[in-house]
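Peer 1: According to Swiss-Prot, the record shows the following:
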ACT_SITE  His437  active site, phosphohistidine intermediate
BINDING   Asn46, Tyr470, Arg566, His594  ATP binding site
BINDING   Arg377, Arg407  Mg(2+) binding site
Amino acid sequence: MSDPSLYINRELSWLHFNRRVLDEAIRQDQHPLIERVKFIAIFSSNLDEFFMIRVAGIEKQVEAGIRKKTIDGLTPSEQLERIRAEVIEQLKLRNTCLYGDILPALAAEGITFVHFADLPEKEQAVLNAWFRKEIYPVLTPLAFDTGHPFPFMSNLSLNLAIELDEVEHGNLKFARVKVPSVLPRLLKLNDIEGLGNDPSCMRFLWIEELIQQNLGLLFPTMKIVQSHQFRIIRNADIEIEEDEAGDLLQTIEKGVRSRRYGNVVRLDISPEMPDFVRQLLINNLEIEEKNVYEIDGALGMSCLMELLDIDRPSLKDEPFIPFNMFEEQRNGDIFSAISSGDLLFYHPYDSFKPVVDFIDRAASDPDVLSIKQTLYRVGSNSPIVKALMKAAESGKQVAVLVELKARFDEENNIGWARALEDVGAHVIYGLPGLKTHAKLTLVVRREPQGLKRYLHLGTGNYNPSTGKLYTDYSFFTDDELLAGEVSELFNALTGYFRYTGYRFLLVSPINTRKRIIEMIEREIALARKSSGGRIIMKMNSLVDPATIQALYRASRAGVQIDLVVRGICCLKPGIPGVSENIRVISIIGRYLEHSRAYYFANGGSPELYLGSADIMPRNLDDRVETLFPVFDPSLVERVRNDLELQLSDNLKAWKIGPDGNWTLVRNDAPKVNSQERFMKRRTQKKKTTGIKGRLGLN
């Protein structure tokens, strides 16, 4: 099981995932036109983050002289070489798709990207006048010579490298102008007076083009020889010595500020940039040639997300209104609904509103005594945090673990943590050495029979915005066995993290890997007795070597294993004698597949766990994660049916072969787009009323 050929490199597997995202833009029949643009933007943003975190980490290993090989047999240097080759190929595919297909198709729909040089002189004059008024005051020209140090360039900044000639002295100079991130990257010409406002014909101009045309205003005594675009990506991973941190909040604030100064890991340049300017940047940014990427066209494509604001419904996905079974029947009493039986929702097909309503109702209910909750990514305008603040202000006991180390959400979470503290909530910033990624809410309510505990347990964040875009399960219960263990977990989080006696919950870093492998081994034993055994797992990533090896053992024993893995998968299915009984698919579609579900047939007494944990070392060892059991057999069957539907997808699913390559699933079975099927079923259910609907939504 230690043979490197049995495994796929983690970093390359992630790049293969992002290639599947890009394919949603490339394939013309998959999405409306503007939605295809969205996938170009998502692909580009994903790749930026990959360099900021993953590539930066491997670069540090190389700098430290580390040559330890990954489980698939690659050294850090070898990984960087393969990453570079794959990224160059993917960027070419992206630009071919954008410039050769999508932009011409948009132009045919009256949405055009224009070049300044192609505009009539009258319109150029209007734009130049607008530049002087709206852009020029924001710009800062920065010289580089013996009297001016090389200018600092922030992470993800788009810049212009300018060659200047002193007219009087004939000396060649260099300067830099940053394209302001506070201004829209795409200038909508229809909104500029004097350039027309025909809504049927929208024109966009990259802001950097307009700046380049007006550089003479910034350097009035010099001749502009040439200007070239370039873009910087820096190491954005925050290193925190938590054992030495006296105040975690202040330490993370300092770390967020330091993110601007991380080492440069990628320099994007235009191919026309002359060698001496290229070398000047390489030398002063202290990078190597392998960090430089030549990119035709505009640099930094995540800004294309701005096009989603265009009001052209025919070029976008048809709006979907999620099903909310409480709309007519809840009567404001979600607690009675939970008391009548466990509730399971599948977002975004089921509305996220009941989750918000649960917290809001708990905050306003005079019989609710306390609310405890974990928060990881909640968004910038969170109704859930506002409800918690309302609860604290009304005198309820409110305890909230706000994970300050949630990457790229640190500043937002710091703001919410302070706001909660200001109204009297008990706020925990996280645990030393661990990120708390679990999704838990515990509400204690006074009722005629005594105090009663209500739970919301989820696979996704407490964020209504992502609740419309990510597929996740929400589970409501008043089960005392689960409530007791969740109470113990909250006490461990707010006190000292030492409790280990969980019988029902799987809690990382305590028992998740151990219990998952035990359940795999149980299927192996059952398969050997009866030639049966079935495992279905759905997750974002499968990386953990010990779990992969357990799955290989299960396959060799005859257990039938189906894995739905959205992103990274280091397991190779279909290898004779090793993994021929394992199938791996990945679904990429309108919604981001985000739920985690682990189903074990258990000889006819199936067990199902849902929760926050992927099968990665970081989730099993370095985070507080939870997987919770679903006891209701009807709900277990419902989730199994969800998984089987996804496994039958032959329109949006990809499969991985024994060689580690991904191909689209294509067969002669009836066509199935699982996400569309879930939406269609909810649309058909919208006239259904009554709590019984919770058992038959799928």
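Each Cβ is built from the backbone N, Cα and C atoms, and glycine gets one as well.
Are these features on the surface or tucked inside, and what are their neighbours?
Peer 2: Its Cβ taken as reference, His437 (active site, phosphohistidine intermediate) is surrounded by 24 other Cβ atoms within 10 Å in the chains shown. His437 (active site, phosphohistidine intermediate) carries neither a helix nor a strand DSSP state and counts as coil.
Around His594 (ATP binding site), taking its Cβ as the centre, 19 other Cβ atoms fall within 10 Å, counting all chains. Look at His594 (ATP binding site): DSSP puts it in coil.
Secondary structure from DSSP puts Arg407 (Mg(2+) binding site) in coil. Around Arg407 (Mg(2+) binding site), a 10 Å sphere centred on its CB holds 13 further CB atoms from the protein chains shown.
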Peer 1: Any idea which of the binding-site residues Arg377, Arg566 has the thinnest Cβ neighbourhood at 10 Å?
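Peer 2: So among Arg377, Arg566, the binding-site residues given, the one with the fewest Cβ atoms within 10 Å is Arg377.
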Peer 1: By a simple count, how many Cβ atoms lie within 10 Å of the Cβ of Asn46 (ATP binding site), its own Cβ left out?
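Peer 2: I count 17 other Cβ atoms within 10 Å of it.
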Peer 1: Can you list the residues of the same chain, besides Asn46, Tyr470, Arg566, His594, whose Cβ falls within 8 Å of the ATP site's Cβ centroid?
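Peer 2: Apart from the listed residues, the neighbours are Asn540, Gly567, Leu592, Glu593.
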Peer 1: Test of understanding: give the count of other CB atoms lying within 10 angstroms of the CB of Tyr470 (ATP binding site).
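Peer 2: The answer is 19.
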Peer 1: What's the CA-CA gap between His594 (ATP binding site) and His437 (active site, phosphohistidine intermediate) in angstrom, rounded?
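Peer 2: The Cα atom of His594 (ATP binding site) is 14 Å away from the Cα atom of His437 (active site, phosphohistidine intermediate).
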Peer 1: Cα-Cα separation of Asn46 (ATP binding site) and Arg407 (Mg(2+) binding site), in Å?
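Peer 2: Here the two Cα atoms are 14 Å apart.
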Peer 1: Nearest by CA distance to Tyr470 (ATP binding site): which of the recorded positions is it, out of Arg377, Arg407, His437?
Peer 2: Arg377
